[in-house]
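According to TrEMBL:
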DISULFID  480-490  disulfide bond
DISULFID  498-507  disulfide bond
DOMAIN    55-226  domain 'Laminin G'
DOMAIN    270-324  domain 'VWFC'
DOMAIN    352-394  domain 'EGF-like'
DOMAIN    395-436  domain 'EGF-like'
DOMAIN    437-477  domain 'EGF-like'
DOMAIN    478-508  domain 'EGF-like'
DOMAIN    510-545  domain 'EGF-like'
DOMAIN    557-592  domain 'EGF-like'
DOMAIN    653-711  domain 'VWFC'
SIGNAL    1-19  signal peptide
């Protein structure tokens, strides 16, 4: 049924609610919210792309354009929890600048950040996924060209569209962003923080619209009438919610049926209510001189000795008469003054008889005791009589009356019939009446880190990190001089554990798998060393057939002649070769050997610099264009510092590492948090670390590594290719779509998830 709804949604179009106006409740106008232009150094108002709104020039690297806490909270409230929104900006970015347009982050967690890299000609969208993983979506496109551009990035659940100048440049399916932004997250404009990611250029109309197809407000001609990807995901979510409601209803129905089936064997106990007191069936009690029993209703009778009434006499304080003749036949003197003394009868001869079993009037906290001539009540230990017959007793408060034995470091607590000695906080029990100070450090019942020292204190303890570690004592982290580089982890003082692909005391050295002989690529591929790993890249003249084999076996020849990827002049004939081509002159002709590049003629042996890459030098050699990177000679004072950043000696061209403790020269690169970073003329640019392609259903990123690996067990996977046609059947027999989750029946903390037909259950740490 659910799949039919999906098909209906995919085919059915609805009218868009967007027009030229946008509800202010759905719009975040960043310039207006920040009151930009008032008190922000490095930001000045200038002429924009149009005159209908303000534009601002961002320059320098000593500015801090950050929203105040109340303003940030107001903006983020509109965005929090949304799965459909659009970031809009009109900008003119300086040549080769790499900077952040806007950034919403909390500590190191970037919830939404839009970045433009002029160094690598990329637009990057950083966010966090629902699996709490950092994700960067990279769009190869250059905005840093000194020209005005209208830019929009529209997010609709797992669907992202990049428009530049009202042209759809990229449309991708990605992991759904997680927009549960913390209340204290920071909102920055034109920079990542106070030290990195400075955008240089002019920005205008910086907005976030929390509605479908927000790009239409920037480019009305792009209006569409079909539902968005978020609509589809919303329907999927509703179906999952209905599935969950069905499962819970089925569970309740099942429990109700179980209770109904058990009603036949249910025992309903009968009770008696007498003078406001409820007695259970067959329970007995004393009502004055009557012994009562709860039967059907209740019955009270006077139960006396088993002898003729003519031989019975009354005794003082007794409800029943006693026999005047002993079982042996001896008569008692009825006129004796002590005839009311039951002890006299006892002294005459012991009688072995259970008077208590025949009934008594001893009630709460009073016990019945058999005497020679009858039964008597006696208060239990810890209780005192309320009347002379001891039938009713009250608790003695030993604590209030000082009748306890509690000693030092304890507090007396009264209990029915007794008392308890409770240890003061931070003390441990020696016996029932005394306690001693609790040495939490010795007992191990402390909160100190394993790399901290524990100091016992009266009523508690304190923690202090050991030498070589830093922290608050509860959490201590090792310190390494110079810190661990390239994503390494400091596990003990001056001891770094390196990520795969790096080595050295500080993990400062990349392992060159290509030169060290670890890798053997196919002859059609060449080994390319990358920070932390390598891959076999197809040689010039070859391309991959789509199988992406690790050693390059999937590289096949490119037919440059057939695909018109050659530079042969019109007077020659292109002849394909393995891994290349040849421009051959027909027999009897006198060919020039010229080259055709971008519809322009380059003469044979001509040398030139590419228009779009001033660092590449090309030449025409008998119809073929050969290009190479410019050779850098740092001894040459006229060296192009852009093409040769390593030759730039200026301090202003150095960059500060993210930790604020290391500096790098222009042209140097490093790895930080699974990103490749480079310093270029004082600006730091970081991009996701290149990873080898993985083509599998289930992947996981091992702890301490940056790249995903294929695994077989779906329950261990970080990422799966969700296929809604692969459903799971839960314990109620209800079908669940891949990606849905539910709490397992009969449990409170067992969370199950459907992963492409596989049910994976684990304990939810949030409910423990």
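Heads up, the Cβ atoms here are built off N, Cα and C, so glycines get one too.
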Seminar exercise, completed: In all the protein chains shown, the tally of other Cβ atoms within 10 Å of the Cβ of residue 498 (disulfide bond) is 22
Problem set entry | Inter-residue Cα distance where the pair is residue 498 (disulfide bond) and residue 480 (disulfide bond), in Å | 13
Exercise. Near residue 490 (disulfide bond), which residues of its chain come within a Cβ-Cβ distance under 8 Å, counting only those 6 or more away in sequence?
Worked result: 477, 478, 479, 480, 483, 484, 496
Problem set entry | Secondary structure content of the domain 'EGF-like' (437-477), with strand meaning DSSP E or B | 4 helix, 18 strand, 19 coil
Seminar exercise, completed: Top stretch by Cβ pairs under 8 Å to the domain 'VWFC' (653-711) (candidates 55-226, 395-436, 437-477, 478-508, 557-592) is 55-226
Seminar exercise, completed: residue 480 (disulfide bond), Cβ-centred 10 Å count of other Cβ atoms over all protein chains shown, is 21
Exercise. By a Cβ-Cβ criterion of under 8 Å, what residues six or more beyond either terminus of the domain 'EGF-like' (478-508) are in contact with it?
Worked result: 451, 467-470, 531-533, 659, 661-662, 670-674, 704-706
Exercise. If one looks at the chain holding residue 507 (disulfide bond), which residues at least 6 apart in sequence have a CB under 8 angstroms from its CB?
Worked result: 484, 485, 486, 487, 488, 496, 498, 499
Problem set entry | Residues from the same chain, set at least six apart from the ends of the domain 'EGF-like' (395-436), whose C-beta lies under 8 A from its own | 365, 380-384, 443, 458-460
Exercise. Using DSSP, how many residues in the domain 'EGF-like' (510-545) fall into helix, strand and coil?
Worked result: 0 helix, 16 strand, 20 coil
